[in-house]
There are 2 protein chains.
Amino acid sequence: MYPRKTHWTSEITPELHGKEVVLGGWVWELRDLGKVKFIVLRDREGFVQLTLKAGKTPEQVLKLFSELNREDVIVVRGVVEASKIAKRGVEVFPTDLWVLNKAKPLPLDIWSDTPDLATRLRWRSVDLKRPRNLAVFTLSSEVLKEIRQVLYGERFVEVFTPKIIVTSTEGGAELFPVLYFERVAYLSQSPQLYKEQLTASLERVFEIGPAYRAEKHNTDYHLNEFISVDAEAAFMSYQDVMDVLEKITRRVFTAVSKHEAKLKEVGITPIASEISEVPRVDYDEAVDRLSGMGYAVRWGDDLNVEMQRALMKHYGPAYFIVNYPASLRPFYTKRREGDKSESYDLIINGIEVASGATRIHRRDELEEEMRKRGLDPKLFESHLAVFDYGMPPHAGFGLGFNRLITAVLNLDNVRHAVLYPRDRYRVEP
Amino acid sequence: MYPRKTHWTSEITPELHGKEVVLGGWVWELRDLGKVKFIVLRDREGFVQLTLKAGKTPEQVLKLFSELNREDVIVVRGVVEASKIAKRGVEVFPTDLWVLNKAKPLPLDIWSDTPDLATRLRWRSVDLKRPRNLAVFTLSSEVLKEIRQVLYGERFVEVFTPKIIVTSTEGGAELFPVLYFERVAYLSQSPQLYKEQLTASLERVFEIGPAYRAEKHNTDYHLNEFISVDAEAAFMSYQDVMDVLEKITRRVFTAVSKHEAKLKEVGITPIASEISEVPRVDYDEAVDRLSGMGYAVRWGDDLNVEMQRALMKHYGPAYFIVNYPASLRPFYTKRREGDKSESYDLIINGIEVASGATRIHRRDELEEEMRKRGLDPKLFESHLAVFDYGMPPHAGFGLGFNRLITAVLNLDNVRHAVLYPRDRYRVEP
């Protein structure tokens, strides 16, 4: 039986000089200079150089070296030595070595070349060994933690709502059908209606989970299965939930900036370091500015990625656009004067990462907005009925988690931010 | 515009005597004694008595009182007064009142009666206003937080794997088909194969998300959509991951015990207070003990709920059964001597809440176990291929989150622990 890892590679520093450690991971590189041999060991957190020397290293370890291949799984016990020559100023002299699994030559290069995305996604589990991917997904986990900490701090309760549903949330038709025993059901495109209903009991709720859109267009920023961070709060307006989302944005930027050096090492240039505020730009002002810059945009139009990028010059890497024309927003959005609505989008690095609004909390208003959009209130009766029994004013947002990562890490395709993407043509691995 | 809530009802204590506060919530109870009138206000966290007195309370507030119904949504500004008579020793004298939405008479009683479960689930969003439900689901959120804190502490990374898949995880047939554009795909019954593959890159991963089983039997402990807490770690054995799961169990018991008084107020008697250890009982010993108690159980049989309950007498409210016969476990379970396996179940309050094992990490062993179970390795080629490229030894567990809540809160049906349950006959609301 092999011993337990005592350290991650990132924890091996010159201060440990003379200490015995146990490391586990994969053979990243092998170099045989005759009397001196090197193994570069990779684990999730980084690399360490193992140095083998004739006369110093036990015979059976030297023998194992000759049989090693790249990506073999090894555990090593050894002594740390500070070193002027080794990378990061430290190396480990093995006293014992266990080869726990052998690896065949990989089907794609993870060391020097970056194969095309299709090849990488085909062999995704192997591709994920690439240090760049390890950095993206360990950081993603940290970002999730930051998001939840803000929401817990604001007394939101984490919930799970069903992903198998019988009616469309927003009346659209782009749903994936599921055969649920004897009937046809659908995959949920959003927890919107559930989270609104939950404000009548749990008041402040959030959910982080999958959402499904059967959209046929295949772009760099769309996925058919994505992770949505949904929050909704009773007795709050869209300004209040923007405060929450602004806190999240600032925390995420800070978390990313802490890892800037490490990210740059693996070829990622995150968009910005810390930010002190996320400006709230009225839709009218945004349209005026864009017109001034020569964009063909008229009041009532949605803004596209190019326009949203152009506005960064004025408002920085993260800004809100607020008070969209009501016609651009879903039926449950509260109106304000002048055909506008109490709504907003959060734009980071030109990408729309979140949308939110104050919602309508009165049944009659809600039915009226449905009719305006050609939706039949009868089809939403089970949802509308809840509004008869004490629905509080409420507001919330939906944040596309994969897009957020794409935006803050400045990735050129949302698929880089998803372990196993699902799109128009891809349903495996 | 109504003012922002400054406090939750639970924060209104006699120490706030003389302070002005703003509360928001629902009218739980109305009592009119003529010159004195009471409103009991409910929010997510509890209740507060609002006291109205002719001469003291503003006229417009008294007028609004006469129009109030139960479950109307109100925001109130008022002054806190310590009181010897009022419940919890405190009351609030309103100086201003906003009625933000009216409620019709509810379709079910949430105050005194407990209607049958079917009626409650039919009106679930209204039923959730019941204080018992508020307690269950705020605690559920806290339990999630505890689980994640343990896993973060052990350096697990949170991941999301796809729920739309093309092959069955374990070769079973009980899958829900999804029409994914031009092809048929399925809803994932478990992230098992993905999380195993991820140990070759991210080493320690966990996922908390939905899982789907198209099982036709409808019991008190089964759901067709449930929340699974899945963890998997490279360079760990089943004993190591049991250590992690034991930490989680102890943390959850402690969290629940902190709320024992509040839970009892709403009719919930959680099973135990803090526990110091979770014993690991060999399968053979469990079978012997059960035989000794007169149960008709033979080596090789799975244990049922009744037997698992009987064993609590010996091992307490939470225990592991370890080293199950290999034939009872899935193909990816590592064998040990004597036809047994490096596997375990975690039993809490007689309910199997989690299962785990050391997994096989060599391709040839895995193929052999598949064949033993009549599974064709060719159908798993894309999974098996990953084992060629440096798969580390690994172990993990799957924990049924809804069952965990059911077990620790001593609920008699898992549906009480799910906001909107999905079962054989229920796909709405």
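Just so it is clear, glycine is given a Cβ too, placed from its N, Cα and C backbone atoms.
Just so you know, TrEMBL annotations never went through curation; they're auto-generated.
The L-aspartate binding site annotation in TrEMBL covers B:GLU170, B:ARG213, B:SER355, B:ARG359. Taken from TrEMBL, the feature ATP binding site applies to B:ARG213, B:ALA214, B:GLU215, B:GLU352, B:GLY400, B:PHE401, B:ASN402, B:ARG403. Under the heading Mg(2+) 2 binding site, TrEMBL lists B:GLU352, B:SER355. The feature Mg(2+) 3 binding site is assigned by TrEMBL to B:GLU352. The domain 'Aminoacyl-transfer RNA synthetases class-II family profile' annotation in TrEMBL covers B:137-429. If you look up TrEMBL, you'll see B:192-195 marked as region 'Aspartate'. The site 'Important for tRNA discrimination' annotation in TrEMBL covers B:LYS87.
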Subject >> Cβ-Cβ distance under 8 Å to B:GLU215 (ATP binding site), same chain, at least six residues away >> reply: B:GLU174, B:HIS222, B:ASN224
**OP:** Between the Cα atoms of B:ARG213 (L-aspartate binding site) and B:PHE401 (ATP binding site), find the distance and write it as a whole number of Å.
**Re:** 15
Original post:
Which of these recorded positions has the least crowded Cβ, counting other Cβ atoms within 10 Å: B:LYS87, B:ALA214, B:ARG359, B:GLY400, B:PHE401?
Top reply: B:LYS87
Original post:
What does DSSP call B:ARG359 (L-aspartate binding site) in the simple three-state scheme?
Top reply: strand
**OP:** Over the span of the region 'Aspartate' (B:192-195), count residues by DSSP class, listing helix, strand and coil in order.
**Re:** 4 helix, 0 strand, 0 coil
Original post:
What's the CA-CA gap between B:ASN402 (ATP binding site) and B:LYS87 (site 'Important for tRNA discrimination') in angstrom, rounded?
Top reply: 34
Subject >> Max CA-CA distance, Å, over listed ATP-binding residues B:ARG213, B:ALA214, B:GLU215, B:GLU352, B:GLY400, B:PHE401, B:ASN402, B:ARG403 >> reply: 19
Subject >> Neighbouring C-beta atoms (10 Å sphere around the C-beta of B:GLU352 (ATP binding site)) >> reply: 19
Subject >> B:ARG403 (ATP binding site): tally of other CB atoms within 10 A of its CB >> reply: 24
Original post:
Nearest to B:ALA214 (ATP binding site) by Cα distance: which of the recorded positions B:LYS87, B:SER355, B:ARG359 is it?
Top reply: B:SER355
Original post:
Near B:GLY400 (ATP binding site), which of the recorded positions B:LYS87, B:SER355, B:ARG359 can be found within 10 Å, Cα to Cα?
Top reply: B:SER355
Subject >> Local Cβ density at B:SER355 (L-aspartate binding site) - other Cβ atoms counted within 10 Å >> reply: 19
**OP:** Pop the mean pLDDT for the domain 'Aminoacyl-transfer RNA synthetases class-II family profile' (B:137-429) in here, whole number is fine.
**Re:** 95
**OP:** Write down the Cα-Cα distance for B:PHE401 (ATP binding site) and B:SER355 (L-aspartate binding site), rounded and given in Å.
**Re:** 12
